[in-house]
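One structure below.
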Amino acid sequence: MNRSALDFRHFVDHLRRQGDLVDVHTEVDANLEIGAITRRVYERRAPAPLFHNIRDSLPGARVLGAPAGLRADRARAHSRLALHFGLPEHSGPRDIVAMLRAAMRAEPIAPRRLERGPVQENVWLGEQVDLTRFPVPLLHEQDGGRYFGTYGFHVVQTPDGSWDSWSVGRLMLVDRNTLAGPTIPTQHIGIIREQWRRLGKPTPWAMALGAPPAALAAAGMPLPEGVSEAGYVGALVGEPVEVVRTQTNGLWVPANTEIVLEGEISLDETALEGPMGEYHGYSFPIGKPQPLFHVHALSFRDQPILPICVAGTPPEENHTIWGTMISAQLLDVAQNAGLPVDMVWCSYEAATCWAVLSIDVQRLAALGTDAAAFAARVAETVFGSHAGHLVPKLILVGNDIDVTEIDQVVWALATRAHPLHDHFAFPQIRDFPMVPYLDAEDKARGSGGRLVINCLYPEQFAGQMRAATASFRHAYPTALRRRVEERWSDYGFGDA
């Protein structure tokens with residue numbers, strides 16, 4: 001296994017060796033400048049920036065932007081994401097999804113518990129804790145505050161100790177030892193917090209920032225309730241994640257993490273959190289009261305690196321990490337339910353607001369169904385799952401379409417979906433509350449925003465196709481295509 005999957009420092013060094021990292025030694029300001037540079041990196045698909053010289057910050061502290069952004073080189077577009085799993089830099093979406101699904105079927109490998117780890121090189125306890133000494137960035141001009149946690153994961157455990165949950169979440173700085181952030185009731189952190197609330201106790205909590213990249217990715221995967229991400233990460237990389245115990249509350253966190261915050265989630269205290277530029281690409285103008293997270297201890301490596309995601313228009317990590325992990329989980333859900341689905345992909349360009357399902361048309365024909373009945377079956381299966389709850393729209397295409405290629409998806413959507421017959425709304429299915437097009441009535445009702453779009457011609461339900469596709473792949477004999485590819489440079493096109 002490539003060590004980059006289990007060691008964030010190794011991951012950063014690997015990016016540098018690949019030419020996919022820029023060491024920024026020019027002084028920068030955590031107040032918007034770091035956010036602006038990182039947003040431009042996403043939008044230009046430039047190398048990840050590692051900021052070494054941050055004004056008025058803890059000496060030696062650094063910030064890494066765009067840790068899973070896409071690259072401009074099409075052949076290596078997903079290399080930063082692939083490196084999270086120790087895969088080669090030319091790996092694509094299908095390679096990554098295949099690896100994630102294989103780990104779902106593998107035996108979990110429990111973490112290895114250590115007495116000490118690199119994250120304990122520096123430990124602040126009690127009154128020593130001062131989060132404001134770190135380069136906590138204001139990422140967007142509209143944000144309601146500075147965000148410490150945008151590319152880290154919460155660590156919580158059920159009161160009976162049976163389930164350790166790692167889940168990606170955001171946290172806004174309130175003061176030197178307090179943060180605020182959402183604990184959505186339907187997500188795992190909310191489920192576990194409610195168990196502690198019923199006991200009348202605050203929730204023991206930690207956050208890992210700059211954790212093993214594979215662990216961060218797994219924490220963004222909607223695994224089933226009760227499944228501990230640490231064991232899944234072990235199965236994913238083929239060896240245990242090394243963990244150490246926190247200083248104050250008995251939780252276990254990855255031993256080589258850059259920064260660990262620990263303390264508790266308040267029973268009932270809240271603070272206004274947000275607004276914040278979000279995964280869907282918008283920043284709505286009003287914040288919300290969210291639970292307080294009290295930090296009782298802070299551990300960090302020498303010269304710690306704080307990774308950040310500057311959320312907004314795609315693609316950024318909410319799409320490359322979260323969207324990819326959802327894709328793998330939805331494929332598993334669909335196939336376990338017997339649906340004729342051979343690939344699922346949350347198009348990054350759709351900001352994790354739709355998933356495209358590739359349908360095996362021969363298997364579809366064997367079902368003897370039609371568009372309406374099939375859409376209803378897909379909706380019940382997918383939207384009813386934990387992963388499917390997060391994605392409000394599904395697009396069904398034949399497997400002649402490569403669902404990982406957005407131009408093919410858009411072509412199918414424009415030319416195969418009938419405006420009257422192929423749009424199926426499911427207003428009774430509950431919604432994910434952060435979907436941006438939901439209005440006040442939808443949110444009050446908790447439903448109304450679910451849609452399945454059928455991009456399968458009626459003939460495809462019988463295993464046929466209405467018309468031939470006029471493309472290089474479909475409109476020419478195989479032997480001729482190969483000859484053209486082999487002679488491409490002879491024609492004067494170089495290696496393009």
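Glycine is no exception: its Cβ is also placed from the backbone N, Cα and C atoms.
Quick caveat, the model's predicted, so the values are computed rather than measured.
Summarising the annotation, Swiss-Prot assigns active site, proton donor to E278. The DSSP secondary structure for E278 (active site, proton donor) is coil.
Taking all protein chains in view, 27 other C-beta atoms sit within 10 angstroms of the C-beta of E229 (K(+) binding site). Taken from Swiss-Prot, the feature K(+) binding site applies to W166, A218, A219, M221, E229.
Taking a C-beta cut-off of under 8 Å and a sequence gap of six or more, V168 (prenylated FMN binding site) has these contacts in its own chain: Y151, G152, F153, H154, L216, A219, G220, I321, W322. According to DSSP, V168 (prenylated FMN binding site) sits within a strand segment. The prenylated FMN binding site annotation in Swiss-Prot covers V168, R170, Q187, H188, E229, H386.
Sequence annotations record features per position, and here Swiss-Prot assigns Mn(2+) binding site to H188, E229. Taking a C-beta cut-off of under 8 Å and a sequence gap of six or more, H188 (prenylated FMN binding site) has these contacts in its own chain: V156, S165, S167, E225.
If you count neighbouring Cβ atoms within 10 Å for each of the binding-site residues A218, A219, M221, the highest count belongs to A218. Taking the mean position of the Cβ atoms of W166, A218, A219, M221, E229 as the K(+) site, the remaining residues of that chain whose Cβ falls within 8 Å of it are F153, S167, V168, A215, L216, A217, G220, L223, A230, Y232, V233.
Set side by side, the binding-site residues R170, H386 differ in how many other CB atoms lie within 10 angstroms of their CB, and the most is found at R170. DSSP classifies Q187 (prenylated FMN binding site) as coil under the three-state reduction. A218 (K(+) binding site) sits 16 Å from R170 (prenylated FMN binding site), taking the C-alpha atoms as the reference points.
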